[in-house]
């Protein structure tokens, strides 16, 4: 990779991270420090993956391979450097900066920023104080581990302090990340191919959408009730603390976080009330109330947007079911769809949409599902056998070594890019889809809260380095795992010698990834979903009677929403026709202005010809 190509990758990855942040976060309303921390963490992790996938071999390896080409291929007068070759000294510095910056973010800065963003204090110093107190145990644990390592090193003066601490720190971080990586990878390797296979059936998707609608309707009602309760507390505080009170600025700050309709209602109620003010709250109670308001408003907005998205999905799937039997082969929408772009107007017409939704989509999704199943099987097999070097059993290592023998650098880069990209999709998509109650949940359409955004950044920074090391182990380019006598890559050179801790390099790193097979089997049989159903957290399992009841409930809710939207659309159409008729009646071009006579267009009488 030349310098220009490296610069293009850096820019493209930045735009990708910015797009995802714009999709899940709110660039206008959320705090700048939250957006910056999340963007930087996502960007660095994506950058590690993209650079590693197109430059898996170090500069030394390239030099050796090029020398082999010159010696073995006599018909080639001059050795040509691969397009992905980077001059000496650039990649090691690049990896050190990116790696240590991401580790500082995930272990030090982002936990502090999480607490800062959730704090209900009214000043920056107050939020920083709250964040330091909440992370005291977190940082204290790090300090205790560091002191223990210093004492241990004092008893072994033969080891270099800086080198040993760096190796221990990297090993500990990668071990923790690998533990979580295998869990997420085992889920994604099965769920992603299965989701594509099941998405080929509109009936299955419609039933699952009904189920989700029933669940989100309950959450929406709970969020509305919680918001009403919190607004009642705000109204009481607004009434008790007058404008000449020292805590009035805090109350005004809380009011700015409330929805506009509640602000107006609270103002009217205070003007109409003439009673004695209630007990004045303390500043600590106002801080707690401020935190509750932010959480309640955020959750209320999330449920409203989720309900709207699910309703649109259900309407579309119902339209697909109805359009299957269309004799004209035209896709019919339940509601008016205005072609907002030239693609939908001239290319993706109703006929093209009918062929895609009713004919080709099913076969395409199943074809993609089969390809993803083959990739998943290759990953599982390689994870269970990558430690074997004689013979080489890892499929990815076989492909890479075959390309090395033929000096095909393009094939090496394409194979590495496709392999690590698929593994990243399996892991990262799980991070974007999992939900831990209301504490961590990535919601699209700018509805993700600051805590979840930063928590995702922490997960990415902790998962990406062990993911890259695991990938290098699969293709036998990590000598600490494969125990082959070969030159290290630029990435593994900054990780230190994993052989310092033999029980990690020869034990945990080798045998723990084999658990991905058990996790894939558990995901295939939906053991996790069935356990959550037993605990009362309903998950979609088609052979459960309770789930069938929720599907029926969701179908009825969608039917009500359809009638509601249909009435609103009919009202808009009547209003448009009435306005359009008025414009024609008074245009004077075709019909004279009526004088208490029957209007030929609107068929009404009166002095103006209209009601």
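We number each residue from 1, going along the chain as drawn.
Cβ coordinates are placed from backbone N, Cα and C, and glycine is handled just like the others.
All annotation found in TrEMBL is predicted automatically rather than curated by experts.
Features reported for this protein in TrEMBL:
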type: TRANSMEM; residues: 33-53; note: transmembrane segment
type: TRANSMEM; residues: 97-116; note: transmembrane segment
type: TRANSMEM; residues: 136-155; note: transmembrane segment
type: TRANSMEM; residues: 161-190; note: transmembrane segment
type: TRANSMEM; residues: 364-381; note: transmembrane segment
type: TRANSMEM; residues: 415-437; note: transmembrane segment
type: TRANSMEM; residues: 508-525; note: transmembrane segment
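When Cβ distances are compared across the two stretches, the transmembrane segment (161-190) makes no contact with the transmembrane segment (33-53), since fewer than 3 pairs at least 6 residues apart fall below 8 angstroms. Cβ atoms under 8 Å from those of the transmembrane segment (508-525) belong to residues 175, 178-179, 182-183, 185-187, 189-191, 194, 376, 379-380, 383-384, 386-387, 469-470, 473, 480-481, 498 of the same chain, restricted to positions at least 6 beyond its ends. Note: the stretches the transmembrane segment (415-437) and the transmembrane segment (33-53) are in contact (3+ CB pairs below 8 A, sequence gap of 6 or more). Tertiary proximity for the transmembrane segment (97-116) is limited to same-chain residues at least six positions away from its ends with a CB under 8 Å from its CB atoms, namely 33-34, 37, 40-41, 44-45, 47-48, 127-128, 130-132, 134-135, 138-139, 142, 173, 450-451, 454-455, 457-458, 461-462, 464-465, 494.
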